[in-house]
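**Q** Could you have a look at this structure, given as structure tokens, before my questions?
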């Protein structure tokens with residue numbers, strides 16, 4: 001194996017966005033994969049399951065023989081062509097299986113028979129995964145500054161503008177609230193953690209890093225939860241709180257949740273299906289917090305939402321949404337965040353408008 005494939009180079013592979021031809025079964029890939037990996041399995045889920053059962057009952061030799069019988073002829077040729085095409089597309093890529101074992105070696109051998117010498121990852125995905133976990137733990141020990149503030153304060157934008165800012169919500173593909181989902185589905189927990197680790201490694205490699213700047217998040221962002229090592233550090237971190245006028249927050253929320261989300265849904269699905277998806281998205285966000293609102297208040301706000309959607313559909317105006325958004329902020333989101341922030345009052349080091357906080361960050 002070349003030096004670049006040895007254990008001490010795993011971080012370099014991740015930092016370089018090295019393309020990975022991941023030959024694990026789809027179910028394994030879905031449970032966790034590295035950024036930049038493409039899944040071109042040696043065996044599909046049912047084939048892998050059959051080989052696993054055979055291994056338990058009859059041993060390694062019988063399982064290997066079964067694998068070769070399952071992946072032969074046209075099936076073998078089709079998969080081989082896919083690996084060849086992937087290598088031609090990514091000539092600096094690597095083969096990767098679970099542990100750098102038989103699957104990646106078999107694919108490597110088959111490719112070599114066609115004249116392609118494709119390297120593989122020693123230790124496989126599990127070695128890269130351990131590297132990602134260790135990197136997150138190590139880099140989370142650096143000082144952290146949190147950006148706090150009520151919904152609509154522009155916290156994410158502020159974080160993105162910092163050279164040492166890490167957009168946790170962007171990595172999670174979710175904006176944190178019940179209305180936070182995007183058109184891109186969230187990654188599995190392991191894939192989210194891997195993506196976060198690579199982002200930390202990249203920023204650390206390219207910045208003179210005094211500290212991380214992160215948004216003040218809870219334990220979870222949608223379906224993804226923050227690594228405990230990072231969460232523990234965030235719980236003790238100083239906080240700069242954005243306190244913008246309510247009207248300005250409303251305009252940010254109008255742009256983000258009504259104008260942009262409507263545009264994104266219709267762009268992705270067309271006018272009719274996109275409108276339906278947009279409507280369902282807003283209804284789902286409200287439905288998700290119905291118990292906290294109380295069923296009567298939930299029903300009232302749902303009626304108001306329906307009227308606002310009808311107005312938006314007929315005239316294009318999003319003004320009607322303010323009739324349910326304003327009480328939702330006043331009665332639910334703002335009191336909830338202020339309660340959470342009060343428990344961390346000792347950690348607050350600065351308060352001011354969005355621009356005040358932006359200027360303060362430049363001076364630090």
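Using the three backbone atoms N, Cα and C, a Cβ is placed for every residue, glycine included.
The shown structure was predicted, so the numbers you read here are calculated from the model rather than taken from an experiment.
Copying in the features that Swiss-Prot gives for the protein in this structure:
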DOMAIN    14-137  domain 'Rhodanese'
ACT_SITE  97  active site, S-selanylcysteine intermediate
**Q** Is it possible to get the count of other C-beta atoms within 10 angstroms of the C-beta of the residue listed as 'active site, S-selanylcysteine intermediate'?
**A** 26
**Q** DSSP on the domain 'Rhodanese' (14-137): how many residues come out helix, how many strand, how many coil?
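**A** Residue counts for the domain 'Rhodanese' (14-137) by secondary structure: 76 helix, 10 strand, 38 coil.
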